[in-house]
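Taken from Swiss-Prot, the feature active site, proton acceptor applies to 40, supported by sequence analysis. The annotation active site, proton donor is assigned in Swiss-Prot to 68 on the grounds of sequence analysis. Per Swiss-Prot, GTP binding site is recorded for 39-45, 67-69, 334, 360-362, 442-445, and the stated evidence type is sequence analysis. Annotated IMP binding site per Swiss-Prot: 40, 41, 42, 43, 65, 66, 67, 68, 160, 174, 253, 268, 332, in sequence order, evidence recorded as sequence analysis. The annotation Mg(2+) binding site is assigned in Swiss-Prot to 40, 67. Sequence annotations record features per position, and here Swiss-Prot assigns substrate binding site to 40, 328, 329, 330, 331, 332, 333, 334 based on sequence analysis. Per Swiss-Prot, region 'Disordered' is recorded for 1-24.
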C-alpha cells in the first residue's frame, strides 16, 4: 500500500530576477477500497487486511446504511458507520465531511462492539465538523417516502430506512444540519432544527416529531462527540503533507449504487465511486494512489432494480444458500446471479482500478460449470456500453461464456499454487477480460483465507 510521498517535478529553476519558484509537493497518497458491483462484495475483509498496517482509515460517504462484517480472532464485529479499521488500536479512524451521521446509531454501534471487545475507540475516532447529521425525523421520513412510493407506483427503492436519502436531500436543498452547527450556538441550531422538522411535517401530515426530546438527546450527544470533532480539511491536509503515512479510504456501498453512475433510481444517495473520495474528504485527485475494486466471484443485489445475470433458478438458490446471502444492515435475502463482466468493466471505466480483490471464490466449488456474463445484446445487437435507462436494462440479453467448474474444496488454499487449475483459469479469465490484475482471492470468512497474489 502506497505510503510514499511524490513530488511534482516542475522544477524549481530560478525565474526572472533569480526568484526561486516554489515546488509543489504532492505529499502522501491514499489507498482506496471500493465496491465494484451492488455492494456486499467483501470490502470489509480487504480493508481489514490493509488496515492492519495503516496509520489512518477514512470513510468518505454514506452513513449507517453500509454494513461491514470483520472477523478477528473468531469474533465477528459489525460496522455500519465506523470505519472498520477502528479495530486497529494503532490507527486513527476518520469520518469525513461526505458521511451523514446518525449520532444515536454511532453510539449504539460502539456499545455493541465494545461488548465484543472493542476498546478506547473514542480516543482513535475523528469526525469532520462539516459532516451532516441524520436526525430521527429523517429516518421516519425515509420510511414514509417508501410507503408513498409503494402506494403510487407499486414499487419501492428498497431503502434501509436509515434516513440517508432524506439527509442528503436536506444537504442539497441547503437546509441540512452539520456537526459544526450542533457544536456552536445551540439556540441557533435548535431554531434551524425546528424549521427543518416543520418543513417535513408540512410534506407528511402523519409525521410526528418530538422536537424537545430530540433536541435534548442531540445536546447530550454534542458533549460526547465534542472531543472527537476537528476541521476535516486541515486534518486531511496535515495527514497528506506531514510525515510519510499509510492512509486508507474505505468506500461504502458500490459502483452500481452510485447516485450518478448506478442503476438509477435504485441507488443510494451518495457518490460511492472514486470521485466521492475527493469530495467526501476534501483532498485533491493527485493524492489518490492505488484504487482497489472488490468483486464477488458471482453477483448479488439487494432489493429491486435491473439485474441482467440474475438466476431465479437452482443455480441462484445454490449461490444464495452456500454464500449465506442476506444483508448485514437489513437481513434481507440477496438476489444472486453469475459474475457480470460488463458491470465490472463499467465500474473500472469510472474508478480506474489498479487491482482487484475477487472474493467468495469457494462458493463456486461445487458447480459443474460456471457461467460468466461477457457482453450485452439489445434487440440482437451487441452493445459496447452499460445502459443508463432501467427499462432498457430490463430488456438486455446477456452473452455468457461457460467455464468448467473445478469441483474441489478451495477453502484450505493459502497461495496461488494451492488453487485448482480450473479455478486459476477462472481468475485469469476475469483479469484478461477487464485488463486489471487480481491481487487477492477470497476463499473463506477469515483474514487468513484472503490469498495475496502479488
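Any Cβ shown, glycine's included, is placed from N, Cα and C.
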| note | The correct three-state DSSP answer for residue 68 (active site, proton donor) is strand
| Of all the binding-site residues given, 39, 42, 67, 331, which has the fewest Cβ neighbours within 10 Å once its own Cβ is left out? | 331
| field | In the chain carrying residue 333 (substrate binding site), residues 6 or more apart in sequence that have Cβ under 8 angstroms from it | value | 320, 325, 326
| message | Using a Cβ cut-off under 8 Å and a sequence separation of 6 or more, which residues in the same chain sit near residue 361 (GTP binding site)? | response | 297, 410, 423, 426, 427, 441, 442, 443
| task | Work through the recorded positions one by one (39, 45, 65, 67, 68) and name whichever has its CA nearest to the CA of residue 334 (substrate binding site). | result | 39
| query | Could you tell me the C-alpha distance between residue 69 (GTP binding site) and residue 40 (active site, proton acceptor) in angstrom, no decimals? | reply | 10
| task | Determine the most Cβ-crowded residue among the recorded positions 45, 68, 332, 334, using a 10 Å radius around each Cβ and all protein chains in the structure. | result | 45
| message | Spatially, and counting Cα to Cα, which of the binding-site residues is closest to residue 39 (GTP binding site)? Options: 65, 253, 332. | response | 253
| remark: Top of the binding-site residues 69, 253 by count of other CB atoms within 10 A is 253
| remark: If we take the Cα of residue 160 (IMP binding site) and draw a 10 Å sphere, the recorded positions of 40, 42, 45, 68 inside it are none
| request: For residue 68 (active site, proton donor), find which of the binding-site residues 330, 331, 332 come within 10 Å, Cα to Cα. | output: none
| the residue listed as 'active site, proton acceptor' and residue 330 (substrate binding site), distance between Cα atoms, whole Å | 12
| query | Which of the recorded positions 40, 42, 45, 331 has its Cα nearest to the Cα of residue 253 (IMP binding site)? | reply | 40
| said: With the IMP site defined by the record as 40, 41, 42, 43, 65, 66, 67, 68, 160, 174, 253, 268, 332, how many Å span the farthest pair of C-alpha atoms? | reply: 34
